[in-house]
Amino acid sequence: MGPWNSISMEIIYGVLGWSSIICWVLASYPQVILNFRRKSVVGLSFDYLILNFTKQSSYLIYNATLFFSTTVQKQYFDKYGYDQMIPVALSDVFFPFHSIILIFVVSVQIIFFDRGSQKVSKAAIAILVAVWFFAGACFFMALPTHSWLWLVSIFNSIQVFMTVIKYSPQAFLNFTRKSTVGFSIGNIVLDFSGGVATLAQMSVQSVDQGSWVNFLGNIGKPLLALTVLQVSIAFDLIFFYQHFVLYHIKASRVSFQRDPESTDSEPLIKDSDHLQGIATTS
């Protein structure tokens, strides 16, 4: 691992790394708190939840393996040079681990809180099975030659792909319900902030080392930052437009007619047959 050439750069790198992690960690809480206050998960896409689980699991496998495994680190140095730094910090390991815990918490809320007629769609299940089947196949391909760096890079690519698609089910659910009640949009803003900080963190490291191989060696982090920047901005606009423009009047009427926080309120989604049709086509 190449040493830092500038102490100030090293400090900035650490600050940016933990700043991005704090943003992403805090992004997990608004939905948990909202679910608890309402005693309901109606309005939260279960498809989004399982796609995000796949994303975070893949990201944890990549970061933890590259950070802790000396074998994978040696393969990284053999490929990119021993004067380069491992482009994964402890904060990168902490973030997906924490996110998986929060996903588990929300899953428990889904079991015990009102969920109306919502369920996981067949399309989401198919994606989940296909992704993990592909990951398993890659493991057996890497096993004979011990190509572990290539294997963890596959998990890296998976998490980038899941980052791109994971928000789509939530936007579609808002559209079909004609409401954003039950979905917290604060996570999108925090995702955006975390992406900016991550991209800046990688830039600081590359400037200090005088080489952009850190970007090329850790495709996932810059791609994650870039996709979060682009996808989050797009979904920011979609979610805010849905919440404040398209369904603002309806949300106001719901709040006026009955308290959406109340456990006595009827499920916001009632037509199970209609929802099953939506789940099948989604």
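From the backbone N, Cα and C atoms, a Cβ is placed for every residue, glycine too.
Unlike curated entries, TrEMBL annotations are predicted automatically.
Record features, source TrEMBL:
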- 12-36: transmembrane segment (TRANSMEM)
- 93-112: transmembrane segment (TRANSMEM)
- 124-142: transmembrane segment (TRANSMEM)
- 148-168: transmembrane segment (TRANSMEM)
- 180-203: transmembrane segment (TRANSMEM)
- 223-249: transmembrane segment (TRANSMEM)
- Message: Under 8 Å between C-beta atoms and at least six residues away from its ends: which parts of the chain pack against the transmembrane segment (12-36)?
- Response: 4, 44, 89, 91-92, 94-95, 98-99, 102, 105-106, 109, 113, 182-184, 186-187, 190-191, 193-198, 200-201, 204-205, 208
- Would you mind listing the long-range same-chain contacts of the transmembrane segment (124-142), meaning Cβ under 8 Å and 6+ residues beyond its ends? 46-47, 50-51, 54, 58, 148, 150-151, 154-155, 158, 162, 165, 169, 282
